[in-house]
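*Asks:* Shown below is the structure under consideration.
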Amino acid sequence: MPVCCSACEVKNAVLRRPKTGHSLCKECFFWAFEEEVHQTIISAGLFRRGETVGIGASGGKDSTVLAHVMKLLNKRHDYGLNLILLSVDEGITGYRDDSLETVKRNQQQYELPLKIVSYEELYGWTMDDIVKQVGLKNNCTFCGVFRRQALDRGAMMLHVDKICTGHNADDIAETVLMNFLRGDIARLRRCTFITTGSEGAIPRCKPLKYAYEKEIVLYAYFKKLDYFSTECIYSPNAYRGYARAFLKDLESIRPSAIIDIIHSGENLSVKEDVKMPVQGTCARCGYISSQKLCKACVLLEGLNRGLPKLGIGKHHKLQHKLLAQEPLTEREQRKLKNVDF
Amino acid sequence: MMAAPVSLLLEFGGGAELLFDGIKKHHVTLPIQTEPWDVRHLLTWIRENLLKERPELFIQGESVRPGILVLINDSDWELMGELDYTLQNQDNVVFISTLHGDYVLPGRGKWVPLCASYTFVQENAPQYNGSGTAGEESSPLAQTFDRVLLSCKEALFIP
C-alpha cells in the first residue's frame, strides 16, 4: 500500500507534489522545497551579500515558513544576509494580538530581531476604531493601504535594504485572475514581478512566489512550525474569496493550473499605447503615489474629518482642496459621510 | 461478514475546526456496518454527525472542498487512494483548510471582540462587498463576477 519516495526510493512517500506529480518522503520534500526557494532567490538575484532584509511576519503559515526557510538558506548557502522580522500591528483585538504572540515566539525560535509597527502609532487609528467608523463594507481598503505603507515605514526605521513577503504561488495566481477580471492593466502587469518598487521605495520581493500553498501548509505541518491560522475577523466573504475558491476548483482537476496562470501573467505584454498611471510622490508624506496625495493620506484625512468615504473610489477631483486644507462643500460632505452597512 | 467497529482520531486545522465547534481533535468510533469504511463513507458520516455549520464549506459533492488538505496517518491522501482508502482501526485523519476568510461564523465567542457593532454587521453582511483589496466601489464588474466564474467553470467542465 505505501508509495515509495520517487527521489530516494527508500522511504515511504508522504505527499504528492502538485507542481510535478512526484511522490516524496519527508526529507526529500523538505530538501526539494528549500532548494526550489533557493533557486528562485538565486536565479532572480533577489539579495546581495551584506544586505539587511526585513521579513514581513504576520504569524500566519506563509510568513512563518518564509522566516524559517530564509534563516535556514541564509546559513546553508551563506548568503551573508542580516535578517529581521517585521510585523504590523493593525490593532484588531482577538486577531492580531494573538497572531503577534506567534510572531514573538518565532522571534525566539529563529533568534531573529523583531520590529512591530502599529497603525496606532503611525496613523493614530487602530483597525478596531476604523471599523467603528466605516463599518465592514470598506474596511479592507483601509487595512490594505495602511499595511503596505506601515511595512515600508517600519523598514525605513530599521534601515532595511529589502523587504520580503510570504506571498505564495496561489496568492499570485489569484491576483492575476483578480486584476484580469477587474481590467486593472497596470496591476496585471506588475503583479507577477518577483521584485517591485525599486525606485524610491524599499524593494519588495517574494521568495515563495513559485511555492504552492499546499506545500507550504504541509511543510509547516511536517516541520511542526508554530503558526497562527485564524482568519481576519473583519473580512467575511471578501471578493477575493471567490477567486480563491475558483482557483482551488481548477487546481483540483489540474494541479499545474496555478503555475500556468502565473506563467500566463508573466508573459503578458501590454500594448505600448495603453495609458499607464505615472508614478510620483505624495505631496504630504512623500510616499510613492500616482496622485498628488497618496491613498493612505486621503483615507486618513477622511477619517480625521469624519468623512469616512473620502478616498473610497474616485477622489482625484477633491485632491487640490485636501492639499490646500480647504473645507468641502455641504454637498460633497453629505456624499462622503453616509456609511452603508 | 460484518466489519469490526473502527476507531479513529480526526483532527481539523487551519480554520476548519471552526465548523466543528472550534474543537480540533475528535476521537470517534464508527458504527458497525456491512461494507468496510472508506473515506467516502467517513465524509458522509462527518457531515451527518460532526459538522455543526455550513457543510458546504467542508464538503463539495462527495469529497472535501478543494483547498482542504487531507492527511491519513501523516501522509497525503492523494497517495492513499483518496476517497477509496479503506480505513483501519486507530487511523489518524487530519483535515487542514487552506481557504481564507470563509470561516467567520456570526455570534461565536471567539469572534466578537467588538460585540455590538460586529454582531449587528455580521448578521446583515452582504454576500460579498466587491472591495476586497483594491478599494474600488462595488462595481458592475463585481456584480458580474459570479456569472463570469460560472461561465468559466462551464467552459472548463468543472462540476
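Placed from the backbone N, Cα and C atoms, the Cβ positions cover glycine too.
Quick caveat, the model's predicted, so the values are computed rather than measured.
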*Asks:* Please identify which of A:VAL88, A:VAL131, A:VAL134 is recorded by TrEMBL as part of the ATP site containing A:GLY56, A:ALA57, A:SER58, A:ASP62, A:GLY166, A:ASP171.
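*Replies:* Site partner of A:GLY56, A:ALA57, A:SER58, A:ASP62, A:GLY166, A:ASP171 for ATP, according to TrEMBL: A:VAL88.
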*Asks:* Would you count the other C-beta atoms found within 10 angstroms of the C-beta of A:VAL88 (ATP binding site) for me?
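*Replies:* So the number of other Cβ atoms within 10 Å of A:VAL88 (ATP binding site) is 25.
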*Asks:* Is it possible to get the count of other C-beta atoms within 10 angstroms of the C-beta of A:ASP171 (ATP binding site)?
*Replies:* 22
*Asks:* Relative to the Cβ position of A:ASP62 (ATP binding site), how many further Cβ atoms are located within 10 Å?
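*Replies:* Result for A:ASP62 (ATP binding site): 24 other Cβ atoms within 10 Å.
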*Asks:* Using Cβ-Cβ distances, find the residues under 8 Å from A:GLY166 (ATP binding site) that belong to the same chain and are at least 6 apart in sequence, listing them in sequence order.
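*Replies:* The answer is A:GLY56, A:SER58, A:GLY60, A:ASP62, A:SER63, A:THR64, A:VAL65, A:LEU66, A:LYS206, A:LEU208.
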*Asks:* Counting Cβ atoms within 10 Å across all protein chains shown, which of the binding-site residues A:GLY56, A:ALA57, A:SER58 comes out on top?
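*Replies:* Answer by Cβ density within 10 Å: A:ALA57.
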